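Colleague: Take a look at this one; I'll ask things after.
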Amino acid sequence: MISVKQLQKTFNTGKPNEVIALSDINLEIGAGEYVVIVGSNGSGKSTLLNLIAGSILASKGTISIDSNDVTKLAEYDRSKWIARIFQNPLLGTAADLSIIDNFRLAALRTKSKGLTIGKTEQFKNTVRERIATLDMGLENKLEQPIGTLSGGQRQALTLLMSVMDDCQILLLDEPTAALDPRSADNVLRIADDLIKKFKLTAILVTHNLRDAAAYGTRIIQMHEGTVLKDISGTEKDTLKQNQLFEWFA
Amino acid sequence: MDFYITALIQGLCFAGIAFGIYLSMKIFNIPDITTDGSYTLGGVVTGSLMTHHQSGFVIVVLVIASGAVAGALTGIIHTKLKINALLAGILVMTALRSVNLIILGRSNLPLLGVSSLFSSVNLLANPNQNSFIISLLVVLVLTIIIGYLLKTDFGIAMRATGNSEIMIRALGVNTDRMKIIGLAVANALTALSGYLVAQQQGFADISMGIGIVITGLGSVIIGETVINLLKVTSVWLSLVFVLTGAIIFQLVLAFTLSIGVNANWLYGVTALFVLIIVGLPRLSRRAA
């Protein structure tokens, strides 16, 4: 599904503060894989995610999605495959817009936003039913600005929004870093359910080793811009949190 | 009484600016400074075409087009050359002064002898009330068009752009394009204000737009204060409140003049009034 070849990213090239964020990454991620990426700060996890999403462009190497070379495509052009969840819950939603408006935009992620009114009663009912599955009591607050909700609620809604439209790849960049433990658990559980239900290919960047052990079908450890460990299959399934701690020892 | 009807008409004529600033605030979070120039542009295009006896339809179309081009330019400078939105607006506004002078050919053009929108359409016998009805109808049409636009899928994307650019890009919107189109629409609206005002006051003047951005900003702020106070989420109601803001703004200025404040102080009063509207909610929030 995602194929990354000899990917390099250098920031501030040629300047004294030059940083090699990624050096020569090769990665094949199959359809339906749920990859968890761990690594210390500055190891290049977020850079890799941003490169795949297209919010930054590669210095060298290629990225292809579903056999399409997307290396030079802008973020908004890659959105037909990719939905994103950000670390900051405020970034994934438009705060002043109502819940329903946010969902309407999400439902058009892969389509053009035309000059017709798409917020029909039928659409509202669809959204209401989907939101009801969260069990947060938000289904009756569709007209409320999404900015009035808590970070956990917003992150949960952002997850639902990602599958409002045809979605193949879900990128989660430390989605729970700003949340309390209970909300964090909730959000990751929702993500896991959606990934299974919609057969998504997903990448989760996290610092939480308990989550890294609990979720995903494959785990990658990054270090100073390279892939240090890459474990999948039954070895990943049986991986314990304690073993992960030793990776960072 | 006539005095206040005139202020009411003024307020309606400024609805275009208010809507324009409202849009640019949604897209950029800052008011678009191009306004000063595109408002005058609307006025001088109207004036010069009227004296050349062009049909009303041609005038409206050209006014809208000229404002849209001015706004699009600001948008292109901001997005393609990565120049601060404020500076981009100031640059285009400055250049527009030359453009306006060249179009008008002089600094002031009286339009009293030529037939205008207000003199050629006669719905009521009293000319003042007639102007009021006409401007009300024009503003009604504008409000319906903008309200519909903001409710469409495109409009939602536009409103989200200033709110969370990162999110809206991840949802497949070319934010550069959105800003350029948004500013074109905003400045077309502003130019329409110039179109109405030039005909209503009976002249086009090269300096009619100086400081006009504060009129739009003041109107939007009055509107937003009420919108926030009443927690309004409806797009239609929001537009109505912005429109009401534009009218209140003119009524306050008219009132100031009527109680005998020296006209030279009008700009000072304007600034003070906007300061009060912006400041009061913040002060009371701190006290609470």
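Each residue, glycine too, has its Cβ placed from N, Cα and C.
Dumping what TrEMBL says about this protein:
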TRANSMEM  B:6-25  transmembrane segment
TRANSMEM  B:57-77  transmembrane segment
TRANSMEM  B:83-102  transmembrane segment
TRANSMEM  B:131-150  transmembrane segment
TRANSMEM  B:180-198  transmembrane segment
TRANSMEM  B:204-223  transmembrane segment
TRANSMEM  B:235-259  transmembrane segment
TRANSMEM  B:265-283  transmembrane segment
Colleague: Go through B:57-77, B:235-259, B:265-283 and flag the stretch with the largest number of C-beta pairs under 8 Å relative to the transmembrane segment (B:131-150).
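Modeller: It is B:235-259 that shares the most Cβ pairs under 8 Å with the transmembrane segment (B:131-150).
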Colleague: What same-chain residues lie close to the transmembrane segment (B:204-223): Cβ under 8 Å, and 6 or more beyond its ends?
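Modeller: Residues 14, 17-18, 20-22, 25, 31-33, 35-40, 43-44, 46-48, 97, 100-101, 104, 107-109, 111, 190, 194, 197-198, 238, 241-246, 248-249, 267, 270-271, 273-274, 277-278.
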Colleague: Mind checking which residues of the chain, 6+ beyond the ends of the transmembrane segment (B:6-25), have their Cβ under 8 Å from one of its Cβ atoms?
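Modeller: Residues packing against the transmembrane segment (B:6-25) from afar: 31-32, 35, 39, 128, 131-132, 135-136, 138-139, 142-143, 146, 158, 162, 182-183, 185-193, 196-197, 200, 212-213, 215-217, 219-220, 223, 239, 242-243, 245-251, 253-254.
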Colleague: At a C-beta cut-off of under 8 Å, are there same-chain residues at least 6 beyond the transmembrane segment (B:235-259) that contact it? List them, or none.
Modeller: 3-4, 6-8, 10-12, 14-15, 17-19, 22, 139, 143, 146-147, 150-151, 155, 215-216, 218-224, 226-227, 265-266, 269-270, 273
Colleague: Which sequence positions outside the transmembrane segment (B:265-283), separated from its termini by at least 6 residues, show Cβ-Cβ distances below 8 Å to it?
Modeller: 211, 214-215, 217-218, 221-222, 225, 228-229, 249, 252-253, 256-257
